[in-house]
Ligand code: ASP
C-alpha cells in the first residue's frame, strides 16, 4: 500500500535500524595507499567515529542506521549502467525493511547514478539520499561529515519520497542535478529546478510542495529492467562542435549496435544549417533509433524549430528533451530502451515527465 506523508513508517519496519547506508566507494572513503588515494574499507566504523565528533545534541537527533559496503569499492569513474542496476535492485530488495536509504558514492558520476535510480525506482515512497564528498572523511577540513550528517537527516524524513542528492547543505532532486564544480565543496547544482530542501542553521528543512511525494501518489511501481545492452554501448552522447560533419555523425549513428543517441545542440536547439546532418538523423530515426536532443547550455530549455537551422529536427524524428540535464536525458533513453516497449511508446514516454525530470 502507498505510504502517505503521515503514515507511521516505523510500524512497517522489520530491521532495528531505520536507515540503510550503502557504501559504494568514492573520495569520501578514500585512504592513502602506496600508489595514491583508493577507496578504503571499514566504512561503518569510520563513519561512526566521524559522526561522534558532532555536538551532542546533533548526535542525539541522528536516526539509527546500518552500513553495508559493496565487496568491490569503486571510484565512481568505474560505475556503469550495471552499477545503477545493482543499486536499484539492492534498494528494492531491502525497501520495506528500512525507512530510508543513504547511498555513499563518488562525486564524479554521482548525478548519473541518481538520475538512473529515479527512473528505476518510480513511485518510491521513502527517501533515497545520495551523497559523497570532495575531500576524504579523515582529511583536514573535509566536507564528508557535514554531508553524511545531512544525508542521514533527510533520509529520516518520510515526507521525502524520491531520489535526492544531499551535498553542501543542499537537497537536490536527483534527476535534476549536475556536478558543476571539480573542486569546490558546493559541487552540485540543479540548474532548472529549485532545491528540495536545505540546511538552515542546525535545521534540515524540506520543501514538500517541490517534492514528488505530493506530485505523484501511488504505490511503488519500480521498473528494474536489464541494463546489459545499454552497458554494451547501445546509446551514444554527441555534443555538437563547430564544423561537425555528416560523416562523423553517421559514424556513430549507422552502427547497428547503437539504438539511441542524445544530441547536445547549441542554445535553444540550434545546429549547423547543413541538410546532410538532418539526413543522417532522419535515416537513423527511420531505422527505429531513439534520438533526443537537449542543449549544451546547463540552464534553459531547447525549443526545436526556434531557429531555421534547427527546424528540420522534429521532422527528422528527434525528440525534444526540453530542460533535462544530460544525465537525466541519457539515463532516460537507457531506461526506455531496456524495456520491451514499442518505439512509439518509448517516444511518447520520453516526452512525458516520469519522475519530475522535465
Ligand atoms: N574520483 C572520485 C569518484 O568519483 C571523486 C569523488 O568521489 O568525489 O569516485
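Glycine too: its Cβ is placed from the backbone N, Cα and C atoms.
Record features, source TrEMBL:
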type     : residues     : note
DOMAIN   : 18-205       : domain 'L-asparaginase N-terminal'
ACT_SITE : 27           : active site, O-isoaspartyl threonine intermediate
ACT_SITE : 27           : active site
BINDING  : 76, 107, 108 : substrate binding site
ACT_SITE : 107          : active site
DOMAIN   : 238-350      : domain 'Asparaginase/glutaminase C-terminal'
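Other C-beta atoms found within 10 angstroms of the C-beta of residue 76 (substrate binding site) number 20, with every protein chain shown included.
All protein chains shown were included, and the count of other CB atoms within 10 Å of the CB of residue 108 (substrate binding site) stands at 18. Excluding 76, 107, 108, which define the substrate site, the same chain contributes 26, 27, 75, 77, 79, 105, 106, 109, 110, 132, 179 within 8 Å (Cβ to the Cβ centroid), listed in sequence order. Taking the Cβ of residue 107 (substrate binding site) as centre and 10 Å as the limit, one finds 23 other Cβ atoms among all the protein chains shown. Within the same chain, the residues at least 6 positions away from residue 27 (active site, O-isoaspartyl threonine intermediate) whose Cβ sits under 8 Å from its Cβ are 37, 75, 106, 107, 132, 133, 134, 135, 136, listed in sequence order. The record assigns 76, 107, 108 to the substrate binding site, and the maximum Cα to Cα distance across that set is 7 Å. Secondary structure at residue 76 (substrate binding site), as computed by DSSP, is helix. Secondary structure at residue 108 (substrate binding site), taken from DSSP and collapsed to helix, strand or coil, is coil.
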